[in-house]
Every structure is written in C-alpha cells, then in structure tokens.
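*Asks:* Have a look at the structure that comes next, please.
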Amino acid sequence: MMLGAFFVSGVDIAGTFRSKASALLITTGISITITFLLLLTGGNLMLILAMLFLFVFGLAYISPFSLRYSLMGLMGYLAIIIAISLVGRFNSLNDILYHCSLMLSGSLWYTFFALVIHFFTGTRTITRRLATCMRQTGHFFQQRITMVEPDIDHEEGIFEIAEIQHDLNETQESVRELLFSNTSLLSGRSSERRLYNLIFIELIDMHELAMATPIDYPKVRDLLHRYPEYSIIRDIITKIHEEMDILADVLQHGNDYKNPMQLQDELGNLEIKLGELKQKVFEDDERDEETYHTLKRIELYLHKQLQKVEVIQKAILNWQGYADAPEELSQQSESELSSRDLPQFITPNPLNWESFIDNLSFESSYFRYALRTATTAVAGYGLAHILGLQNAYWVLLTILVVMKPGYGVTSKRFFQRIAGTLIGAIIAYGLYLLDPSHAASLAIFGISLTLAFTYVVRNYVVASSFFTIFVIFMYSFLNREIPSMVVFRVVDTIIGATLVIGAVHYLWPSWEYQKFPYLLRQSLKANKKYLDKVLSYLFRGKFDEKEYRLARKQAYVDMANLISSYHRLSGDPKSKQKGARLSYDLALLNYMILSATTSLGIFLQRHPKQQFHHPEFEIIGKGIYDNMALSERCFRYSSASAPDEEVAKSERIEEASEALSKQIYTLKNKLEPEDIPAQHHSETYLRYAHINYLSRQLRWMLELSRSVVNRAAYPERYTGNSETADAEG
C-alpha cells in the first residue's frame, strides 16, 4: 500500500479537480501495469529488456509535454526500478496479484485523500500561487531598474528580464488554470472568485505595463546620472517591489498589514519631484525634447503602476467585505471581461490525440528523445548484467533521471548527479565509521529521504547526495555492508551517466538550432496577430478586449518559449551552436517588437476617445505588418529569400514618414518651448504629443521589422558580429 501511495503522491500538484483526479488515476494505472507485467517476466532477461524499452519509450515520449506529464513519467520510471528490484521474489501469479492489489489499494486511498484535501484547501492553493505571481511581478519590476545602473550590458540585461518573464508566464499559466477553469477550486464561491480574478487581472496588466513602457535605457542611465533627483524613481520602484512582497504575505499567510504604503502620498511626491526635475531639464537645455518625453513616460508609468497597486491593496485589505461592495473595487479595474470569457484564457492540454500522432516521427524532438532514452536504458541495463553488477537497476536509475530532452540540461544534470553521488557516498561512509545505533541509522534513513525530496527541484546536487545516503542506509537494514554499497553506488552512477552523455551526442541527437526557427516562426506569427489587433484599434477604432488579451497572452507565451530556446541553444556544444549570433539578434528584435506593440496598445487604451485616423499611420502600420508576414514566410520555407523591394521600404512609406515629420514640426512651432510644462493639457499640445508619440513608435517598429525580415531573408549577411538596437522599443 505504501508503494501505491508513493507512486501517485509524486503527481499531486496544484491544479483543478479534474486535472488532479485524472493525473492521480492515470499514474495509478501506469504504476500497476508496469509492476504487474515486469513481475510476470520471472527474471527472463529478454522479456525484461523488451518491456523496459516499451515502458521507457512511452514514459519519455509524454514527459516533455508539461510538468504534470513529466511527473507521471518520473513516477513511472520509479515503478520500473522498484519492480525490477522485486523480480524473482514472488513464487506464483497469486502472489503477484496480491502485491498489485495492495498497491492499487494504496493508490486509491491516496487519491481519495488528496481529492478530499483538495476540496477543503482549494482557496489556500489559489492564494499560494497568486502570492507567488505577485512576488515574481515585483521582482520583474526591480530587475528592470537595474538596467539603468552603470556597467550593465544592455542586451544581456534584456535577456535576463525576459528569463524572469518566462518564469512569471509559467506561474500566470498555473493561476489561469486554477481561477478560470469551469471546474475551478472556487466554483460556487462567487465573492472569492471575483476577488482573485480582480487581483490576477491587475497583476497581468501591471506586467504588461512594465514590459510595454518604452525606455531607452542608455539614455535614461545618462539622464539619471546628470540629475541626482532620480532617486525618487528608484525609491518608488523599490517600494512597489516591497509592497508586492508584503501584500503577497498578507494574502498567503493572513499576516497583519502593518504600516501600509500611503499610495496617495507617493503619487503626490512623485508628481512634485518629477515636475521639478522636468523644469530643471528645460532650464538647462530648452531643446532637450527627448529628455522631456523620457521623463514623461517614466512619470506616467510609475503613476499607473501605483494606481494598480492601490487596487490590489484595497482588494486584499477589504476582501471580507468584497461580496457586499463588488462594484467599488471592480470599477477601479480597467478590465471589462465577463466571467464567461475567462475559461478561454486557459492553455489547452498540450497532449491530445492529434499532437500524440503528429510527434510520432523522426522529425519530432520528442520522438527522438523517447527513442534515445529507451535505447540507452536497455543498453545500460543489459551492460550491467553482462558486467555482473550487483544492482543493475542502479545503472538504469541513473540513466532515467539524468537523460533530458536537451543537451545543456542533460550535461548539467550529469555533473550534478556525479557530484551529488560522490558527496553522498563520502558522507554515508563517514557516518558509517561513527558506528551509529539502529535508532540513529533509522533517523538518518528518514531524514535523508525527506531532505532529498525537499531539494530535488531547488538543488539537484544536494538532493542526489541525500538520495545516495538514503539508499546506502536502506541497504544497511538489509544487513549488507555499507562500504561495498558505497562503491557499487558510485560505480553504477558513473557507468549510467557516461552512457547518457554518449547517447545525447550520438543517438538521434536533437540540437536546439534545429528547433529555433520553428519557435521563432511561432513567435512571429503570434506577434503579427497581436499587432493586427492593436492596428485595428488604431485605424478603425475596433477594440475587443477579449480578443486583444488572448492575442497578447499567446504572444507572451510564444516569446517566453523562444527565449528559453535561445538559452538552451547557448548550452549546446560550440560546434552545434549554428547561427547563435543570428538567433540572438532575432530573439532580441522580436522581443523589442512585442514590447513596442504592447506599449502602443496601452497608449490606445489610455485614449479611447481620441481619433488617430491619419492615412500616414495606416501606411506605416501596413508596412510593419507586411514585414512581419514576410519574415514568417521566410522561416516557414527555409530556402525562401526576399528581394530587397519586398522589404517594406516603398516610396509611400517614406512619403508618409516625411508628411508626419512636417505635421509634427508645424504643431511644435505653435508651441513656445518654455511654456510646454505649463500648457501640456492644451488641445494643441495634446495633439502634438500624441502624433509625435505614434509617429516615433510606428517608425521605430518599422525599423525593427525591417531588421527582422532582412535577417530572415538573408541570414548569411548576419552570421558574423552584428549589432542590434540599443533601446527597448
């Protein structure tokens, strides 16, 4: 029964009732089937190898689809290891059936227990994930302010921000599943559901606003160096970060909210300080127009973020009365989504019948990974038998836990596994020399297992060390000599890990440069769709919030996948990092386009009643869209190349750009530079500011799109050192 409960406990992670129940029951079926069939072999090596190949292939095939499937695969691997270790210990079919029935009882008992607990602790699960999302959002803000520090590499800094965003996107996805599913943990609890929906949507908007704010970091770095008053900017961002951490603790743990941040005071101080700073800028350099606009964007950005923090703050502090006054808080949120729309934001199950069949080919990295893992597992177990190793399944265990889909992750896990095993073996042998009592050995046994599972995600070296101690002391209870177990454990681990490294290099290898173009095409496609929603709003005044948010979400997810792909590419051997610099440029440019598109979308939402129907905007916008479409086509057909005239450089675009410059110049001449701070609410100034912003933003996006399409169409021109833009659009 303990084994059955252990196997299903590994997949007991946060999720909806349906997803959790499905995972627990499927894992029950997998573990029972594997155990029963392997025990039936009666120790026949050929039968064991045949079943081992089939089981490992199936488990490895589903593992990369999602975290839940990965955990199913891991528990299936453990079922294989334990079943092989028990082969030959049962004398009849009835004994095997009895053993499996006990496992089934344990699995079903744990499943029932987990689902009951899930029902009573559903709110706690959501608050924990929502609090994590809140902390990560605050960390995202704090990381951005480091971009204006001296000696910061701009391009590397952007990728660090994108990496944090990837983790944040994963957390957001898990919260979406918990909140927006039709089988949500909050079904029937309308007041709590509205509260958490409000907080989550505000967090999403804060993330979007942070990502979209167009800041020229080198210019801001220089500006803040020249004007020491910048400390107010850093102070406010730091306070937002601290406030998010505090509110997360209040939400998750119910802590008392002491010394709440006085948001109105912060907003007032911000306006006064930045007003003084703007005035000083104009006194020192009347023509420093760009400096003024940069400061204005920072002011608007921080002002808006503080307002959103205030909405979250009030929602958390007044949640007990939220059901009685839902409109007061809801009116402060800009979202107009209905509860019927929310389930559409959940990413569908990545493993369905269509994706399962589509990946059954050598073109699929999932298929090659499964084949590589299964072949290596069979070879490792067979080799261990040929060498007469005492515990052949230890070699198999090492292979299954070290082998990963990507080379970089696998090589990292290889060194972690070797280091952890050696450290654990040394510690175990040292403890053995102390001659611990039976009770002390039992305590070491239990503590090491607990700590191993505690650190398995955080630090695999530490986890592997404790697993080694656990295994060695487990055998001490079987009256086996610990020194010999230490040697066997180390030797088996080295053999298994070495086989894995060889397999990753030579058995149907899957290098990231082969997958990067597909992920880039998906990201370009999502960006193009998102851009289309924004341009439709700009040119035709049509805005569907649900469609806009869906397109934005998909663009963020695909961008995060692209960034992850580049980081995996950088972990591959140098000889396999084909086009690494070009990939870097394309990922960075695509990220800038997404940021600029988001910024444009936010600007339009801030001015819903303004008319921006300028034909020049439409000409430039169409050029951007056409460039994105052409880039996507180039990556769909790798042999395609675009003639120079296909890249959006037509005379109409240049004429439109010149016409906008003339309009801006005319409007600017109607304003007295020294009066700009005083009359920034006048109709003439607002028209000038809006046209100036849209013109600069669209022309910036046009240049970015041209850079992408040129690299997509003529990659050979950019395989050496190339430069990307110095600003985040």
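Cβ coordinates are placed from backbone N, Cα and C, and glycine is handled just like the others.
TrEMBL lists 35-299 with the feature domain 'Integral membrane protein YccS N-terminal'. Annotation source TrEMBL lists domain 'Integral membrane bound transporter' at 381-501. What TrEMBL records for 21-39, 45-62, 69-90, 96-120, 378-402, 414-432, 439-456, 462-478, 490-508, 586-604 is transmembrane segment.
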*Asks:* Near the transmembrane segment (21-39), which same-chain residues lie under 8 Å Cβ to Cβ, leaving out any that are not at least 6 residues past its ends?
*Replies:* 4, 7-8, 10-13, 15, 48, 51, 55, 59, 68, 71-72, 75-76, 79-80, 82-84, 86-87, 90, 96-97, 99-100, 103-104, 107-108, 110-111, 114-115
*Asks:* Looking only at residues six or more beyond either end of the transmembrane segment (45-62), which have a C-beta under 8 A from one in the stretch?
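*Replies:* Non-local partners: 30, 34, 37-38, 69, 72-73, 76-77, 80, 84, 87, 351, 359, 366-367, 369-371, 373-375, 377-378, 381-382, 385, 396, 400, 403.
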*Asks:* Return yes if the transmembrane segment (69-90) and the transmembrane segment (378-402) have at least 3 CB pairs under 8 Å (sequence gap of 6 or more), otherwise no.
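*Replies:* Yes, the transmembrane segment (69-90) contacts the transmembrane segment (378-402).
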*Asks:* Write out how many residues of the domain 'Integral membrane bound transporter' (381-501) are helix, how many strand and how many coil, based on DSSP.
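*Replies:* So the counts come to 99 helix, 0 strand, 22 coil.
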*Asks:* If we skip the immediate neighbours and take only residues 6+ beyond the ends of the transmembrane segment (96-120), which ones have a Cβ under 8 Å from one of its Cβ atoms?
*Replies:* 1-9, 12, 17, 20-21, 24-25, 27-28, 31-32, 35-36, 39-40, 86, 90, 185
*Asks:* Apart from its near flanks, which chain residues at least 6 from the ends of the transmembrane segment (586-604) lie with a Cβ under 8 angstroms of it?
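*Replies:* For the transmembrane segment (586-604), the far contacts come to 155, 158-159, 162, 208-209, 211-214, 520, 523-524, 527, 530-531, 533-534, 537-538, 543, 548, 552, 555-556, 559, 562-563, 565-566, 612, 628, 693-694, 697-698, 700-701, 704-705, 707-708, 711-712, 724-725, 728-729.
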